[in-house]
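A.B. asks: As annotated in Swiss-Prot:
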| type | residues | note |
| --- | --- | --- |
| ACT_SITE | CYS134 | active site, S-palmitoyl cysteine intermediate |
| COMPBIAS | 359-373 | compositional bias 'Low complexity' |
| COMPBIAS | 422-432 | compositional bias 'Low complexity' |
| COMPBIAS | 442-478 | compositional bias 'Polar residues' |
| COMPBIAS | 668-677 | compositional bias 'Polar residues' |
| DOMAIN | 104-154 | domain 'DHHC' |
| MOD_RES | THR294 | phosphothreonine |
| MOD_RES | SER296 | phosphoserine |
| MOD_RES | THR303 | phosphothreonine |
| MOD_RES | SER345 | phosphoserine |
| MOD_RES | SER380 | phosphoserine |
| MOD_RES | SER406 | phosphoserine |
| MOD_RES | SER409 | phosphoserine |
| MOD_RES | SER415 | phosphoserine |
| MOD_RES | SER432 | phosphoserine |
| MOD_RES | ARG617 | omega-N-methylarginine |
| MOD_RES | SER684 | phosphoserine |
| MOD_RES | SER694 | phosphoserine |
| REGION | 289-715 | region 'Disordered' |
| TOPO_DOM | 1-13 | topological domain 'Cytoplasmic' |
| TOPO_DOM | 35-38 | topological domain 'Extracellular' |
| TOPO_DOM | 60-148 | topological domain 'Cytoplasmic' |
| TOPO_DOM | 170-191 | topological domain 'Extracellular' |
| TOPO_DOM | 213-715 | topological domain 'Cytoplasmic' |
| TRANSMEM | 14-34 | transmembrane segment |
| TRANSMEM | 39-59 | transmembrane segment |
| TRANSMEM | 149-169 | transmembrane segment |
| TRANSMEM | 192-212 | transmembrane segment |
Amino acid sequence: MPAESGKRFKPSKYVPVSAAAIFLVGATTLFFAFTCPGLSLYVSPAVPIYNAIMFLFVLANFSMATFMDPGIFPRAEEDEDKEDDFRAPLYKTVEIKGIQVRMKWCATCRFYRPPRCSHCSVCDNCVEEFDHHCPWVNNCIGRRNYRYFFLFLLSLTAHIMGVFGFGLLYVLYHIEELSGVRTADTMAVMCVAGLFFIPVAGLTGFHVVLVARGRTTNEQVTGKFRGGVNPFTNGCCNNVSRVLCSSPAPRYLGRPKKEKTIVIRPPFLRPEVSDGQITVKIMDNGIQGELRRTKSKGSLEITESQSADAEPPPPPKPDLSRYTGLRTHLGLATNEDSSLLAKDSPPTPTMYKYRPGYSSSSTSAAMPHSSSAKLSRGDSLKEPTSIAESSRHPSYRSEPSLEPESFRSPTFGKSFHFDPLSSGSRSSSLKSAQGTGFELGQLQSIRSEGTTSTSYKSLANQTRNGSLSYDSLLTPSDSPDFESVQAGPEPDPPLGYTSPFLSARLAQQREAERHPRLVPTGPTHREPSPVRYDNLSRHIVASLQEREKLLRQSPPLPGREEEPGLGDSGIQSTPGSGHAPRTSSSSDDSKRSPLGKTPLGRPAVPRFGKPDGLRGRGVGSPEPGPTAPYLGRSMSYSSQKAQPGVSETEEVALQPLLTPKDEVQLKTAYSKSNGQPKSLGSASPGPGQPPLSSPTRGGVKKVSGVGGTTYEISV
């Protein structure tokens, strides 16, 4: 009966149990009302006491057999039997006391039934040690309620026998009064008791045999152990004692409980969470705990609102407040950096945007270099279309920034003091400009019009190749793509950019330049160094050409003599500077000599006149032509001999700086001169061709350029 609470109500299944209860209670009531008072007078007053105790015992066992759980197994959940539902065999065999016992798969409850378990078709449940389904008690008889059913049968049989016997005794005492009410009622009760005694007594005897043999009604009816040995029997006495005296079996079904709603009154209200302490509940593998953290609600809300896939914050901007002279250029560098996003330029990692430049200079000059590199990064990344196209060719080579220091902003020179011996980009033309009073306006025009594409080429090639080649450091304009760089629109020049990547040999050479050998010689005049046209724009080249025309018209300075070995000298002195040598960017020209024996350190030679490397074009000067001669590539300068005044010991001391491998690179790297094949620039021209360089006479030197153009330079 406890199993049908959740199912549809069926009145038919309550008819047998209701009839049994009515007959039991009704007959006993009539017996106590009409028969027991006479028996107490004639026989003994203990008769009604006995019948009362027996009736109560019968009624108690009847109630227990009806309302008690017989031992129902709970059904498997849907997620528990997914794997076993369709692939399970019908039977499984287990061994109990050496006997094979089959377990059948229950498709309704979705598990293998244990031994002696069967599925009740009426209750629709699998019952442990299923005996039978009794309609008189409206319940299955199983392991948990079989004891009460068996006692009910025994007590009912005894009660029926007592009612029938004591009623017969009453009739015998009142045989003359058979028509009386008491005698008639006693005869009716005897008929009912006698009617139910036959089946009840037979059922009781059957179960006594089953208990003695250790079997169930289901096993006896189906004949499971009819021809064999019952593995579940323990002997007659043990079987009886197990049924009557053993402890009750556990209950597998939980008792249904209704959910209770508890209303919290004001003394039990939850306190508000304070800012100082927040309780966090943690659910991890079914374990609850409370973790107290000292965080404010505002901080927790911010943490929870942040997405897990949010981008990290940008890196902090550099603090330029402590550097003087940089605030004016901050807006320019920022605008140029933002304009690079829309251009098709080589990808550069963000970490290099504010990377300081490393050089071989002294420690005192590290801070100016780093600050200048921060601002000139955006300038050097501006690339015209021709540079972007030419960078795809395999012949593109990286070059360092070799622009003269005069191109830098004057504020840098005032704010940061550079070591003249450690700075490798100071040109000789700037020093001569200081001696001749070169105007600041022309410097500003050159700075605004000129450009240096090698700075960007070195940066772009760092992304492409990852390193700098030694020959490209020595010959920046040897690449055929250099002409395409100058043909494009010229961006603003970088402000004091210094290449942060220097090769080992270049660092060694600069170390030698920092500590040159000083030869105590007097000030002598020397030939001007060749002009580096590869780092200048078309406007500057045109200005230089105009300056050369002015030099031809002016008379030569007194005391200037031709010295063939001073063309490639890399060290000079300004008037009044004594013997303090200074390195210049034109010292790289000395490395271009085919023999590579020109020493890096030279005696101090004064320089007069306006410089060739910083000759600017005036306001009214005409625009330059489409082609400009590259005097730095003239064979007359590359074929000059070493200065005879330099001792042999100095050459031997500086000879290890250029190894035979470097000499081979120097020879092969200059197969082209001024963008022309080597055959056109040979030392011995064929008949009918003008010589590339003529001997110097009268302080005027003739130099032939591209296309047969001849230039006269006053020396």
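For all residues, glycine too, the Cβ spot is worked out from N, Cα and C.
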A.B. asks: For the topological domain 'Cytoplasmic' (60-148), report the average pLDDT of the model, please.
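C.D. replies: Averaged over the topological domain 'Cytoplasmic' (60-148), the predicted model reaches a pLDDT of 84.
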A.B. asks: In the same chain, who gets a Cβ under 8 Å from the transmembrane segment (14-34) while lying at least 6 residues past its ends?
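C.D. replies: Distal contacts: 48, 51-52, 55, 58-59, 62, 66, 135-138, 156, 159, 163, 166-167, 181-182, 185-186, 188-189, 192-193, 196.
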A.B. asks: What is the Cβ neighbour count of CYS134 (active site, S-palmitoyl cysteine intermediate) at a 10 Å cut-off, with all protein chains included?
C.D. replies: 23
A.B. asks: Please report, as numbers and ranges, the same-chain residues at least 6 past the borders of the topological domain 'Extracellular' (35-38) whose CB is under 8 Å from any CB of it.
C.D. replies: 47-48, 51, 166-167, 170, 173-174, 182, 185-186, 189
A.B. asks: Please give the sequence-distant neighbours of the topological domain 'Extracellular' (170-191): residues at least 6 beyond its ends with Cβ less than 8 Å from one of its Cβ atoms.
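C.D. replies: Long-range Cβ neighbours of the topological domain 'Extracellular' (170-191): 27, 30-31, 33-35, 38-39, 42, 163-164.
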